[in-house]
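Student: Once you've had a glance at the structure underneath, I'll fire off some questions.
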Amino acid sequence: MNNSSPTPSQNSREDEIQELLNEFGKCLKIFRFDLAKDLVDEFRAKLGQTNCAINAKDNSWSLLMQSLAQIAVADRNYYQLSFLLPKMFFRKEDGLQRTYALIAEDLKNAAQNVAIGSVSEHLLSQCRHYVNARIQMIQLYILLANTADREWEELTRRAKIETEQTRRFSHPNLLALANLYQDEVDLLYLLLKLQCSIVDGNLVKSVTALKEVKDKFDKWLQPSEAAAANRAGFASWLFKGSNEKTAHKSRLITWLIQFKAHLLAKFTLYYCDSLGPYCNPTDLDTILTKQHIVANSPNYLTLCRDFVSKRSDIEYFYILMNRTERDEPFYGFHYVRTQNRFDQSQQVEPLKGLHEKFPIMLRLPIHYEPNSLPIPHRVDQYHDEIAQLIEGNGRKFFENTTLDKTFYCERLEEEIYAVAVLDGMKIREDVSVIAFLNELGLLVLVLLDQSMSWYSRIYMWVREYRQRNRVKGWMLTKSLNIMVIIQLIFLGYFQVMYLYAVCWQMLEHKQQAVFYICVFEGITILAFWSFMATIMTPVAKVPDKFRADAKTDGDLKANTPFNGKRYLPDQSTQDMMMQQMEILRTFCSERNICTMERDHFGERIRYCYECRLVKPDRAHHCSSCGFCVLKFDHHCPWINNCVHYGNYKSFLLYLSYSMTFLCWTTVTSLEAFVRYFVKAHWVDDLIAFLMIAVGILGCICFMYWPLGEMFNYHRGLVVLNETTCEQAKIPRIDGDPRADYNIGTLENLRQVFTIV
């Protein structure tokens, strides 16, 4: 510890660092993370020219600068939600958390070596609090993304706790950094609070929360708007409808804005009847249309109106709340206080009976008079049937022979249901009605869309195009072999380069050249054989034993959310999941099918809704091929084929032989490269020299990426007995995410290479 009084040069250095902290925080506040890092790097370079530490014992300032640069990079990845993105090769589910944890550890160690109560010690502690707060927020976002049937109250409580973290930031030079964190966490808390108010049936609190969310958004994004006055700023791109592609794009900010628009659409849907007498319906449609264009948010009210208007057999469509578990009196969603606050004799009476237990939130077609007080809907002829349907333990389909009506039901939230009343008796369930209700059931927002890889999108587009145009589609399908053709062209080039330029033109000893050629051609034959075996091996499809019959598949799809394009079992409610598990258990028992893997909910048997089959252990659906594959590893564009159970051995041999081929070619070609300068035949050997130089450069590039990276990656997978798909999404063996298929290194190698 150095307790001596600071020198003038030390005070000057502290002033410079505090000024840097101000600029650093301002850059982060406008989401210019690269600029913030550049400022720190420039200052570190300036310190390096003189002395990185104020004195010989204290290097805390240099450690602080290093940590700030790391914070800028980590925050950039944080705002891109990199901790939720799937990785192509290496799974780093907690990679960003680990980065923040290492930064916090460095800051803690640096703070232990400085005087307690000094400026540097205070700054180091404040930065460590900021980093730890980021770790907590990552955990909150992961919980929000991975929870299917979300406990909104618990998430709101956790967000409220995170808002208290800002009290730890007290240094004025870190005020901008603290505000960046505080605005984000306050905004998330307000959004979750708004969600709770909406689903709780509290109209007044929802309106208040909407106003708070709007004000907080304006405050949070205002600095970035001001900084982007002369360029395509992110906020202007979102709120002013700019189509500029150069705008700053942050996944986190984009999701928060979409979340806000989503909640506004949900609020308008649930409280349309309550707002109708006070608002112009055209204004509501205008607001929702604008939000749909700006934030790509759903317009639930228009969706319901269009569905009802297109179906002539739908008499009514309801959204109502199940308040059977609540004890407090209910006066209506619009109610705040007595109609005449000065006359206590004219108090509003609470609703009774079914109108209290199952109050109607929305009825289509809408019936209300403008500029008049809303009154509870009275659907006495259907209220009993709707109540029975909601209390029917997950029933979605109900026929009433007396009324000659058919009722369909879907749970949207914990206590909110959608009900459609159709004229006449239906012989079977109406698929279009069920699909619409399932789509409406996706009101629970998904945090991050796990999009497919770029080549999977290409394969799917080609497959769909081939169905429309068979001739051109066939030609496009064959063109997908372009990566295979490129590899064959490179192989031919290396053959000419090595045989002519290296062995014939540059080597002087025939015995050496013959030995080189024998080894080279031997490795080439092995690599080419394994390459063709990998390509030509048929894809290992799932046996027909696992394919579900029409009834089982129909029952599953009827109990699974559908968004109009695909089924989303991850969005299933608890009741849906129970129905799905029972259906799948029955099917597997009848077919004598035994599987150990479960989906990420822990108990549900894995089922593919596209292939209509139960997935065997380690089988996954390939989006590029369009069907499920046994022991699916990944779809490799370099071979235009899946890497799977049938060809994984030949694929690993291809990687190994190819790496050996490149290493041998590079090492032996270096001698010929050097001989060009030794022989000094500058003109005669120029063509051979250029061929060798290009070949060596190509070998080095391929050894680094992609071949070298894939070889090193799959070498680790074989030792652990894992696949690329299992690295990206951890399998749950018997519901346990910690279990794996690792049976020891030697046994793993024997299993993959089929060694007896």
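Glycine is treated like the rest: Cβ placed from N, Cα and C.
These came from TrEMBL, pasted as-is:
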type	residues	note
DOMAIN	604-729	domain 'Palmitoyltransferase DHHC'
TRANSMEM	480-501	transmembrane segment
TRANSMEM	513-537	transmembrane segment
TRANSMEM	651-674	transmembrane segment
TRANSMEM	686-705	transmembrane segment
Student: Given a Cβ distance threshold of under 8 angstroms, which distant residues of the chain, six or more beyond its ends, lie next to the transmembrane segment (651-674)?
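Tutor: 494, 497-498, 501-502, 505-507, 516, 519-520, 523-524, 526-527, 530-531, 533-534, 633, 636, 639, 643, 688-689, 692-693, 695-696, 699-700, 702-703, 707-708, 710-711, 714, 718, 752-753.
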Student: Six or more residues out from either end of the transmembrane segment (480-501), which same-chain residues have a Cβ under 8 Å from its Cβ atoms?
Tutor: 458-459, 462, 516-517, 520, 524, 528, 531, 535, 637-640, 661, 665, 668-669, 672, 687-689, 691-692, 694-695, 698-699, 702
Student: Below 8 angstroms Cβ to Cβ, which residues of this chain, lying six or more residues outside the transmembrane segment (513-537), approach it?
Tutor: 484, 487, 491, 495, 498-499, 502-504, 507, 639-641, 643, 646-647, 650-651, 653-654, 657-658, 660-661, 664-665, 668
Student: Per DSSP, what is the residue count of the domain 'Palmitoyltransferase DHHC' (604-729) in each of helix, strand and coil?
Tutor: 70 helix, 17 strand, 39 coil
Student: Within the domain 'Palmitoyltransferase DHHC' (604-729) only, compute the mean pLDDT.
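Tutor: PLDDT averaged over the stretch: 89.
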